[in-house]
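A short write-up of the structure that comes next.
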Amino acid sequence: YLLDKSEKYDSRDVERLQQDDKWVENYLIWRHDVVDDTLKMIDESLQWRKEYTVNDLTESVLPKWLFENGSLFLHGYDKEGYKLFWFRVKHHTRDPKQQLEKKKLVAFWLEHYAKRDHGKPLTVVFDMAETGISHIDLDFVRFIVNCFTDYYPNFLTKIVIFEMPWIMNAAFKIVKGWLGPDAISMLKFTNKSDVQEYISGEYLPPHMGGTDSFKYSYPPLVDDDFQTPLCENGPITSEDEHESKEEIDADTKESGELNEEQNLNQKKMNSIEQISKSEETDKTEIKPKNAKKALTTFKGPLLHISPAEELYFGSKETGEKKCLIVLTNVTKNVVAFKVRTTAPEKYRVKPSNSSCEPGTSLDIIVSLHGGFAASLQDRFLIMAAEMDQSSGAGVPELTQFWKEVPRTKVMEHRLRCHVIESSKPSSLTLKENAFNIPAKTNEDLHIQLTRLLQINKRLQEQIDRCLWFQQLSVVLSLLSVTVVAFCFYLAYTQRS
């Protein structure tokens, strides 16, 4: 294929194919390890990627109205922890002149997510509420289906179709003809009464029977599940109003005592990093003694963030309600930061919108509100940008700063939530986190389970074939014995 069609492929895709075993494995899994079918899919996929310039699709090359339309976006998770890719059909209208640009928008979103989350599977939601014959666009639907069946291997978990009008039944019979048997089994036709079998109410809008207040808007580019209200201090309720400043300070002191050793090590690391920076100018390299502990810190260009990946909360039984995020400014200027969360109704973040002086560290306390429990689907986003020396650091200045700062100058880092089921002492939790012991997330376990099920399915098919051949062999053996016995019987009767 490469020799015959090298000009039809993007060299970046060819290089990735030669280096990324995971990508190749996904093609093989999707084509049931049949090499010829896999090669054909890779060939078609790479040709399509070059035709649609997938590697170069950015916000700037697509018309702004496509993003403003709100027909396609990523938001939320299904009950298995897979990301939701929404297609709001009522916002889509047929227009052959705009078809190519709309298809490129689909490719943009899929590539955007695939690069950010390293190809973790998606669940597609066709929200067909308030739609009619004018919204039917079989060519566009076929393109979306082809993206998953032909171009993005092993990237689809299910297609949830919500409230499909009866008038579209005939159209979807055609769609089923495009899908293979594996993809057909992924179709889930739902309505308001049963859609929560697949997606919990917290990620469903009210018209689907859910409680999600998320409303798509542009600009800026939707940051997936983080386009929710900024969590300043959490929701104000009658219970929260009684929580005095002294009580918060006492909680801070308590968490500070528990994390005293971690903070001390963090300060030591900061001083070691500063020393090593000055020594780098002399072209000497000295690794800090506690380099192992440095693995817990995400080292960004503006801020070092600890912990690097996960915030550890307890379950309702363990009762761990608070976590600490340590930010260290590694620049020579003031760095503004703000913290967003996918569940602002659950968490109190202090401070959530502030600034950090050059060379200093700042603690952010993340605490759960009473009655809420942390979830594996909850995420936190830390955004940071460098400020000019002349800029103030008050609330009005920060508000204006975030309105004007270009997106390209904003550093972003995401943190997951990890729920500790067993009742461990908090000091033990910190020690585990300090050494960065990897913990498998719910999503990772589901991906592994899906692979195991696929392997199990192939083994079952092989076993069935073996059993069939075994049964056939037994029948043929019995027939042979019967024929031989009959021949002996005839010979014996003739002699007698």
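Each Cβ is built from the backbone N, Cα and C atoms, and glycine gets one as well.
Over in TrEMBL, the protein carries these features:
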- 242-256: compositional bias 'Basic and acidic residues' (COMPBIAS)
- 261-275: compositional bias 'Polar residues' (COMPBIAS)
- 276-287: compositional bias 'Basic and acidic residues' (COMPBIAS)
- 74-216: domain 'CRAL-TRIO' (DOMAIN)
- 302-420: domain 'MSP' (DOMAIN)
- 229-287: region 'Disordered' (REGION)
- 468-492: transmembrane segment (TRANSMEM)
Model confidence over the domain 'CRAL-TRIO' (74-216), averaged pLDDT: 84
Cβ-Cβ under 8 Å with the transmembrane segment (468-492): same-chain residues at least 6 beyond its ends: none
Secondary structure tally of the domain 'MSP' (302-420) (DSSP, helix then strand then coil): 13 helix, 58 strand, 48 coil
Counts of helix, strand and coil residues, the domain 'CRAL-TRIO' (74-216), according to DSSP: 67 helix, 27 strand, 49 coil
